[in-house]
């Protein structure tokens with residue numbers, strides 16, 4: 001590993017032939033040059049940063065022309081890794097772009113570090129407290145919150161979070177956080193954000209194999225993403241009231257854990273039969289969505305690392321988007337495009353809502369064997385807990401939250417993707 005500060009410059013000319021056809025980087029006495037000859041220039045910078053990091057270069061200076069906000073951020077996305085120290089001397093930016101870069105570094109790096117944290121270090125209550133700390137660091141005067149924990153969840157009829165989390169020695173937690181910059185306690189709520197915060201998912205009695213369990217410290221990625229999104233929106237100047245609900249629990253095996261055949265009775269009257277304890281994320285989100293629906297906000301967004309089916313469809317490159325509201329879905333896709341993040345809308349139709357049959361309850365927590373659209377039926381399950389599910393509700397299945405191994409653009413671990421898109425959407429909705 002080199003300890004000298006390496007200069008990194010950008011060029012729109014191809015590399016000399018000795019570096020190979022279509023070479024992305026070349027070196028000389030002045031440092032490393034990134035050659036931007038493809039249409040995907042931000043992606044090229046990110047891939048080049050991975051190569052530079054892979055060569056053991058950990059201290060760099062972005063030099064020369066072309067280093068705007070998005071180019072600088074693309075470099076950091078690729079350069080950053082989950083272990084070891086890295087430092088960047090940033091190119092000069094206009095004041096507003098410098099502020100935005102600093103906010104992304106603070107908030108999105110928090111999201112990535114939080115998702116990467118070992119489950120031993122990050123239980124349900126700690127996740128909730130860390131979320132409070134982040135939002136207080138950004139706009140503490142506008143933040144109030146309530147933590148409901150353990151037996152209090154049962155007594156207050158948060159049946160999903162309590163049931164999933166009761167098998168762990170670490171108590172389940174619901175964080176209800178109110179971001180209200182208006183100063184008016186009666187101000188209307190513009191949006192509610194509901195995040196899945198499963199701090200470790202063993203699968204419960206529907207036990208995962210090790211190959212599928214080894215990344216389950218990241219099963220709280222939805223909660224971290226929405227916390228970061230609210231923090232970034234606040235840092236960018238959001239003036240409307242938003243409520244954040246983090247549904248936090250461990251899904252473990254024990255003598256007190258929930259079992260197949262159990263029936264959960266929710267506060268909105270729905271009953272759910274458990275046919276797979278590894279479909280637990282939707283069970284905790286249901287409690288948060290019930291609370292969110294009671295706020296009568298025109299916008300509800302939930303985010304969760306919910307299904308393997310979404311990853312099968314989209315890989316780890318895109319987040320999956322589901323909604324009955326075409327206009328709102330398009331608004332999110334517009335926000336994603338403007339923030340250079342990848343989302344893809346997957347099907348969600350009224351008939352999916354009837355594909356969760358149970359002989360003993362109103363709903364099954366997994367689709368019947370004849371229905372194989374697992375990501376769509378998971379979204380449909382959630383719709384039963386949103387009062388006005390046909391309008392103003394978005395579900396994000398966070399398939400791009402975490403990578404088990406490095407690829408050409410990303411190190412192993414959390415990506416932070418989705419934070420900017422949701423923050424952008426909140427600000428866009430606030431202008432309407």
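Including glycine, each Cβ sits where the backbone N, Cα and C put it.
For residue 208 (active site), the same-chain residues 6+ apart in sequence whose C-beta sits under 8 angstroms from its C-beta are 201, 202, 216, 278. Classification of residue 208 (active site) by DSSP places it in coil, neither helical nor stranded. Residues or ranges marked as active site in Swiss-Prot: 208 (among others).
When secondary structure is read from DSSP and collapsed to three states, residue 282 (active site) falls in the helix class. For residue 282 (active site), other Cβ atoms within 10 Å of its Cβ number 29. The active site annotation in Swiss-Prot covers 282 (among others) and is backed by sequence analysis.
The Mn(2+) 2 binding site feature in Swiss-Prot is assigned to 196, 201, 219, 280; the stated evidence is sequence analysis.
Its Cβ placed at the centre, residue 280 (Mn(2+) 2 binding site) has 29 other Cβ atoms within 10 Å. Among the features that Swiss-Prot reports, Mn(2+) 1 binding site is placed at 201, 278, 280, with the record citing sequence analysis.
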For 201, 219, 278, listed as binding-site residues, tell me which one has the smallest number of other Cβ atoms within 10 Å.
278
Reduce the DSSP letter at residue 219 (Mn(2+) 2 binding site) to three states and note it down.
coil
DSSP-derived class (H/G/I helix, E/B strand, else coil) of residue 201 (Mn(2+) 2 binding site):
strand
Cα-Cα distance linking residue 282 (active site) and residue 196 (Mn(2+) 2 binding site), given in Å to the nearest integer:
8
Cβ within 8 angstroms of the Cβ centroid of 196, 201, 219, 280: which residues besides those meet this for the Mn(2+) 2 site?
164, 198, 216, 220, 249, 251, 281, 284, 304, 305
